[in-house]
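Taken verbatim from Swiss-Prot:
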type	residues	note
BINDING	CYS56, CYS61, CYS67, SER293	[4Fe-4S] cluster 1 binding site
DOMAIN	68-282	domain 'Radical SAM core'
BINDING	CYS82, CYS86, CYS89	[4Fe-4S] cluster 2 binding site
REGION	301-333	region 'Disordered'
COMPBIAS	314-325	compositional bias 'Low complexity'
Amino acid sequence: MTAVAPEGRPLLRIEARNAQTPIERKPSWIRTRLRTGPQYQDVKGLVQSAGLHTVCEEAGCPNIYECWEDREATFLIGGEVCTRRCDFCQIDSGRPAPLDHDEPRRVAESVATMGLRYATVTGVARDDLADGGSWLYAETVRQIHARSADTGVEVLIPDFGGRPDQLGEVFEAAPEVLAHNLETVPRIFRRIRPAFRYERSLDVLRQARQAGLVTKSNLILGLGETAEEIHTALRDLRSAGCELLTVTQYLRPTPRHHPVERWVRPEEFLDWGRVGAELGFSGVMSGPLVRSSYRASRLYQQAMTARDQDRSEMSVPPESVSENSHGQRPSPW
């Protein structure tokens, strides 16, 4: 009998091959402590009473306690089915439902109801749409800004096929941070992300930086990459103008997904954080349980501080740079 995926379709060949490897046992350091405070309890109460939906809860994110305590949350837009399949991602692939044009308003109302200081908006790829879903991402940013002027918005986008018009629509909505995740290294990129292209992902970040946006990306470890390849990918990201970086451990969602090639120890994550700083990233979060939206507002503020410092150094005589101190850019969050 042919094996089937939970959504009823036959397993892809790569899924059947992956499923031959049992789910790996997690090491002792892949765990989180339950730490709740008044802000977390308040946000949780608002979410429950209003029937709101966040990626934080529905994906079982281990960082929900910290993020909600900081009044930060992540929302998924565009539906629950992606037109692309990445070998690490738990979101189903297939034919999505029709676009919900009211979704941006509802997300913005959720952000306002929860009293968020910072919201991350991510979503599925919508290659079935003429604009790739760019309007949906842009409109969600606009709606949040309109209802919650003091809330920072980070948008994590697909590559929109690298099309400047679709990317430009999102850029013009002026999110505080434009994120696009590279995720892995060139040698295994096509296997892990067959519908994406390594250079195209770098070009998305390059275009966003040229548009003046704060740029951010993520690299997943444990997919089969080498240390030298990680270093090359980090250099490529910096060369593309990427300012903020998260480095994460791959956690296999189901047996159908890519096996975990190795568990990266916490000390190595610290090393990659130092490498990122040495390469010139304005902010780096690197750890086994870090996710791309983890402590997002803190990273954004680090990027703004670095930009202000750069402007300060450019506006004073070289001999006086070391004598000038510079405070952090004012921020409501």
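Don't overthink the numbers, they just go from 1 along the chain as shown.
Glycine residues also receive a Cβ, built from the backbone N, Cα and C atoms like all the rest.
Shown on the structure are the features that Swiss-Prot records.
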residue : record                          : Cβ neighbours (10 Å)
CYS56   : [4Fe-4S] cluster 1 binding site : 23
CYS61   : [4Fe-4S] cluster 1 binding site : 21
CYS67   : [4Fe-4S] cluster 1 binding site : 25
CYS82   : [4Fe-4S] cluster 2 binding site : 21
CYS86   : [4Fe-4S] cluster 2 binding site : 21
CYS89   : [4Fe-4S] cluster 2 binding site : 17
SER293  : [4Fe-4S] cluster 1 binding site : 30
Other than CYS82, CYS86, CYS89 themselves, what residues in this chain have Cβ atoms within 8 Å of the centroid of the [4Fe-4S] cluster 2 site's Cβ atoms?
ARG84, ARG85, PHE88, GLN90, ILE91, SER93, VAL124, ALA125
For the [4Fe-4S] cluster 1 site (CYS56, CYS61, CYS67, SER293), what does the 8 A shell look like? I mean other same-chain residues with CB within 8 A of the CB centroid.
THR54, VAL55, ALA59, ASN63, ILE64, TRP68, GLU72, ALA73, THR74, THR120, ARG291, TYR294
Between C-alpha atoms, which of these binding-site residues comes nearest to CYS56 ([4Fe-4S] cluster 1 binding site): CYS82, CYS86, CYS89?
CYS89
Under a three-state reading of DSSP, tell me whether CYS82 ([4Fe-4S] cluster 2 binding site) is helix, strand or coil.
strand
Provide, as an integer number of angstrom, the distance between the C-alpha atoms of CYS89 ([4Fe-4S] cluster 2 binding site) and SER293 ([4Fe-4S] cluster 1 binding site).
15
According to DSSP, does CYS89 ([4Fe-4S] cluster 2 binding site) sit in a helix, a strand, or coil?
coil
What three-state class does DSSP give CYS67 ([4Fe-4S] cluster 1 binding site)?
helix
Could you state the CA-to-CA distance between CYS86 ([4Fe-4S] cluster 2 binding site) and SER293 ([4Fe-4S] cluster 1 binding site) to the nearest Å?
19
Reported as an integer number of Å, what is the Cα distance between CYS61 ([4Fe-4S] cluster 1 binding site) and CYS82 ([4Fe-4S] cluster 2 binding site)?
20
Cα of CYS67 ([4Fe-4S] cluster 1 binding site) to Cα of CYS82 ([4Fe-4S] cluster 2 binding site), in Å and rounded, measures 26
Hey, how far is SER293 ([4Fe-4S] cluster 1 binding site) from CYS82 ([4Fe-4S] cluster 2 binding site), Cα to Cα, in Å?
20
